[in-house]
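Annotated in Swiss-Prot:
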- 6-26: transmembrane segment (TRANSMEM)
- 30-50: transmembrane segment (TRANSMEM)
- 98-118: transmembrane segment (TRANSMEM)
- 156-176: transmembrane segment (TRANSMEM)
- 194-214: transmembrane segment (TRANSMEM)
- 226-246: transmembrane segment (TRANSMEM)
- 261-281: transmembrane segment (TRANSMEM)
- 289-309: transmembrane segment (TRANSMEM)
- 317-337: transmembrane segment (TRANSMEM)
- 363-383: transmembrane segment (TRANSMEM)
- 391-411: transmembrane segment (TRANSMEM)
- 432-452: transmembrane segment (TRANSMEM)
Amino acid sequence: MSYIQILPETFSIISSLVLLLLGIVFNRRTINLLALGCTVITLIILILSAKDSGFFPFNSLLKLDLYIRSAQGLILIAGILVLLLLNLSKYDYEYEFSILILFTLFGMITLVSANNLISFYLSFELMSIPLYVLASFNKDSVYSCEAGVKYFTLSALSSCIMLYGMSLLYGYTGLVNFSELSSFLENHQMTYGIVFGLVLILIGLCFKLAIAPFHMWAPDVYQGAPTIVTAFFSTVPKAALVTFLIRFFMGEELVGVEKYFQPVLLYISALSVLISAFGALRQRNLKRLLAYSSIGHIGFILASLSIFTRMGTDSSLIYLVIYIITNIGLFSYFIQIDDDDCSVANLSGIGKKRPVLAFHLSILLFSMAGIPPLAGFFAKLFIFKSLVNSGFIGMSLIFIVASVISCYYYLSIIKAMYFDKPSDSKVIYSKSLFIVTSVASLINIVLFMCVEDLYSLIHLVTKSL
């Protein structure tokens, strides 16, 4: 076994453990900076050690190839952005906060490379357990404690469902290795027990993604958790789970399951965008609103993925990348607002007080809504094109209607910024965070000029599936 190939994972877990010990010596700000630095180093090592050919370390517990390394890179970049927001923000939590983020990042990068039901479940739990603590990290806030308890309770239920699905899959096949499962499913008739087991595993994944009808936890947890945690929840775990689902359905891991899963995935993705569109209409809390928004965006990604074509896969990844950039840009401002009072009213009148900031926030919101010629428009255009080319015209119309409805709540925020009276809330504006917001906004503006290049790059990565 070449130890160079597993150096990113090795460095990630060792650096997390070392920083956990160093927290006793150094102050929390230093640990936060070191956590950011270690994640950047992990990304650099990953880039330098990446290879096109497949590699199966630890007796095939993991699989490493170009697609998996690219997915891990996306996860680490999203994690770096959240850690950057943490270092630039008002938050002064205990040093364990950034360490928990490092542990969950390690769980995510091993999750997307898992090649065995056991390694997959262990990675899934290593990703999940720190998230429970992060959601309830603000002990002084009853909302944060409530969010942690709700998330833990429902996540435990979803983990049990997933574990039961894995036991069914093992019981009917006698296998746990993904490659061996693929060969078994290709050469044997699919029984209802196997299909039911796979459905239960999918339910567990859909819960973490907050896909309808397993979305009920998201609005309460997003609202109650510290805003920096909400920023993490809405981006990094979604990157990990979406990239794993792409490998799950489009790779060699599970062959022949498309006909069983396509109708289900299409229906729940349509349900997600409709619940998102109507559920967010009456929300005045920004974090609850973005929770419903994320349900809809993941619905778009899942719809494109459920087509089971290369174009659909590429479109879902483009959408994911643009969604992460836009979300980070929005949260770079929202984390400056009080965690327990993150309402739309706090944005009232900033179009007059801080016109440049309001402009950049408007660009990001327009992109979220899919207004041309911003990056969000092209992301949705690729999704619609994938659906139409595959013959799902009726489904495309549902998504178009949901997109039009969702424009209302994005525009209501812009209306508050420019036309409502300035609020009395005292927000301490950070110049550093303003730069993050501006960069995310500018990326959304200029990306339409090179969206084809991004598509070609993603297509090159997915060819290795």
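Cβ atoms here come from the backbone N, Cα and C positions, even for glycine.
The list of residues near the transmembrane segment (156-176) in space but at least 6 beyond its ends in sequence, with Cβ under 8 angstroms from a Cβ of it, reads 116-118, 121, 124-125, 128, 184-185, 191, 193-194, 196-205, 207-208, 214.
Contact between the transmembrane segment (391-411) and the transmembrane segment (317-337) is not supported, since fewer than 3 Cβ pairs fall under 8 Å when only residues 6 or more apart in sequence are counted.
Only pairs six or more apart in sequence are counted, and the transmembrane segment (432-452) with the transmembrane segment (317-337) gives three or more Cβ pairs under 8 Å, enough to call it a contact. Proximity of the transmembrane segment (261-281) to the transmembrane segment (289-309) is established through 3 or more Cβ-Cβ distances under 8 Å for residue pairs spaced 6 or more apart. Within its own chain, the transmembrane segment (363-383) is flanked in space by residues 293, 297, 300-301, 303-304, 314-316, 318-319, 322-323, 325-326, 329-330, 399, 403, 406-407, 410-411, 413-414, 437, 440-441, 443-445, 447-448, 451, 455, which lie at least six positions past its ends and keep a Cβ under 8 Å from the stretch. If you look at the transmembrane segment (98-118) against the transmembrane segment (317-337), you find fewer than three C-beta pairs under 8 angstroms, all six or more positions apart, and that falls short of contact. Residues 4-5, 7-8, 11-12, 15-16, 19, 22-23, 66, 69-70, 72-73, 76-77, 79-80, 83-84, 86-87, 95, 97-99, 101-102, 105 of the same chain lie 6 or more positions beyond the ends of the transmembrane segment (30-50) yet place their CB under 8 Å from a CB of it.
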